[in-house]
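Here's the structure, in structure tokens; my notes come after.
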Amino acid sequence: MLGRAACKVLHRHALKNPYRFRGCLVAQKETTRQLATHVQHHLPASADDRLLVDLFDQPGASTSKSSFASTGLFGHPTLTHPGALISLAEATLVRAQLLTERILRARESRDELVKVVKNLDRLSDMLCGVIDLAELVRNAHPERLWMEAANHAYETLCEFMNVLNTHVGLYEVLKVVLSDPSIVKTLSPEAYQTALIFWRDFEKSAIDLPPAERQKFVSLSSDILSLGRQFLENANTPRPPTSIKASHLAGLKDQGMGVRLQLQARFTKKDLQVYPGSLQAQMIMRSAPEEEPRRRIYIASNSSTPEQISVLEALLRKRAELAQLIGRPSFAHLTLDDKMAKTPENVSNFLDALMDHTRPFARRALHTLAQRKQAHHNLPSLPVVQAWDRDFYCPPDPPAPPIPLPPLTLGTVFMGLSRLFRHLYGVSLRPAKSASGETWHADVQKLEVVDENQGIIGWIYADLFARRNKASGAAHYTVRCSRRADDDDEAGDLTLEGEGHRIQESQAFESVKRHRLPNQDGVYQLPLVVLLTEFARPSISRGPTVLEWYEVLTLFHEMGHAMHSMLGRTEYQNVSGTRCATDFVELPSILMEHFLNSPTVLSLFDADSTTTLRATGNNHADPCHSIDTYSQILLAAVDQRYHSPSALDPSFDSTAELANLHNTRGLMPYVPETSFQTQFGHLFGYGATYYSYLFDRAIASRVWSKVFAENPLDRSRGERLRGEVLMHGGARDPWHMVSALMKMPELESGDAEAMREVGKWRIEDEVGISGRH
């Protein structure tokens, strides 16, 4: 419960779980798409928009750094050296312990009972505010001492969170609050939702079990973490090479690589040893006319040792045991309780509907691959398409924009994003000066998020260029959540003799975060997020960073998360911004990718244009996209099967389950001697929720087509999204939000029929990239 995504030590690319005290085919088919022919007017680029271009394209020449003022990380004056972070963690721990004691004493006063939900949220925020900062520092700071200090702070406070997760006293106090109708009546809908989230998370921690069973829960949880760590290490362990005869590489499409490999074989007079995942392996899979080398590489790439399989099956078994310990039939039942899906049966309904929709398209694509294979081998009848044929007969195409575009620099894309947000929400991005010591690297740029009515509503720190010792991939870090702070009643907090300076240190850290917004009651802690990517650095010789289209998609995706954090300003941090259900959190970010399908939106990348003449354009469909989508649906089904009650069956065999699913519901036959499941890392981070990305893709596709496609820059539609979805964070039932946004009251119940309906919605996005979070 109190164990935040900040405590997601094991798999940072997994979907962030919303913990409460948490961290914190024949020739390629061409389709013609009609693009209306009317002129659409849009707002001109502002001076601030244009400054974004210089900020990111000429960072050395920008004036984003202040040469006079100095401070500490994120503007906290004391965080100027690594030891200060350790000191802050210790001060936070003292103050958190005192706040915990205040909550435990709440039964002595009805007035204190009324404040319990607020104080639980304060406690969560107090800890997460440091844990989340430490998580960012240990993933992004270039200096070893800072990373070590961040690890120490992170582990110290996570250890205390783990105590709170199973704290019987806190649970009993919350139970008193929720059992008293007169107190419940005083809670706002948002406060009540926050209380229910705390309650459910306590119950998932076996809080109401006898001591011996609670101890077993702790032991099982520890085993799961340990096995999860081993599983992820195994998933990332390189697979052994396979032996390829040089004679099997004759006729390679990539002639340069083919010649080099054959020369290597002649020189060594040995078969080639090709490592799965290497450039050579990828080239062979895409360009070797002979089937045998592709088959061998496929099998090698999907191989496992018995020990690797054993670790996964032990993890699945321990999860099932933990679920049954607290009265749930399976880990899937336990996990899905507070998700949009609610039950494994509803997930099955969704996946079945999605399979039924996608299967005809996938089979049509597979038939085309079979025709290509037949022609290639001059066969009298259509052959079976095997898994190792996919890339050879249908090489994956990189994502491409729907219309021809000039090279897009990083600054140009940020300018386009700012212009898009101003059209949709009346919000823009503005370069801001950062004081000396405020950022952890010279590359980091600070942006103010500015609302036309309320002024600054949050900050984004953009750390976008690759460097050594920086976390890989793209990620959105919520370093500070939104919440209301003027009703904290700090005066009622307990004190401890001799600890006054530590209490003041923690209070000073929190005071920096607070702001009073125009036209809004109260004082708020404003959100602060960090975007991490690893784009190429601009230079004098190469010029500004030019993004590939997939990188533009990535940036739009992550900025979807960032704007959810900015606009999801709630009174309780536990439900702010992206603090929402796992199977809902990707909706805003995937929807952002859809905007890149619109030439009207793409015209915002031109600073001097205020109109777009939209004419008929051609869109080249990837004929194998449906095969890939179907494969992802199958993986979601595997995830559900692995987390069903069958995981406790003594005869459970993860490889047999995988083979059975492939042979009964897959497109291509299962390949003997393969066991891909040991490399399916999301089985840990996404356990029982891998369907979520598909689910949000389906909803985002329908939201785009029904709400935005006709007029993507329309302010009223943007305000509709903001008012019905983004501003609520996780404070409202996601089904209610989707139902209101789509004007489909039949979805509001979120029942099996609603899940089935979403499964029927065609996933029209050709922009999604699996695994981006």
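Cβ atoms here come from the backbone N, Cα and C positions, even for glycine.
These figures come from a predicted structure and were not determined experimentally.
Database features (Swiss-Prot):
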| type | residues | note |
| --- | --- | --- |
| TRANSIT | 1-35 | transit peptide |
| BINDING | HIS557, HIS561, HIS564 | Zn(2+) binding site |
| ACT_SITE | GLU558 | active site |
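Annotation for HIS561 (Zn(2+) binding site): spatial neighbours HIS476, VAL529, THR578, VAL585, PRO588, SER589, criterion Cβ-Cβ under 8 Å with sequence separation of six or more. The Zn(2+) site is set by HIS557, HIS561, HIS564; from the centre of their CB atoms, other residues of the chain with a CB within 8 Å are HIS476, GLU558, MET559, GLY560, ALA562, MET563, SER565, THR578, GLU586, PRO588, SER589, MET592.
Each of the recorded positions GLU558, HIS564 was scored by other CB atoms within 10 A of its CB, and the lowest score goes to GLU558. HIS564 (Zn(2+) binding site) sits 10 Å from the residue listed as 'active site', counting Cα to Cα.
Of all the Cβ atoms in the protein chains shown, 25 others lie within 10 Å of the Cβ of HIS557 (Zn(2+) binding site).
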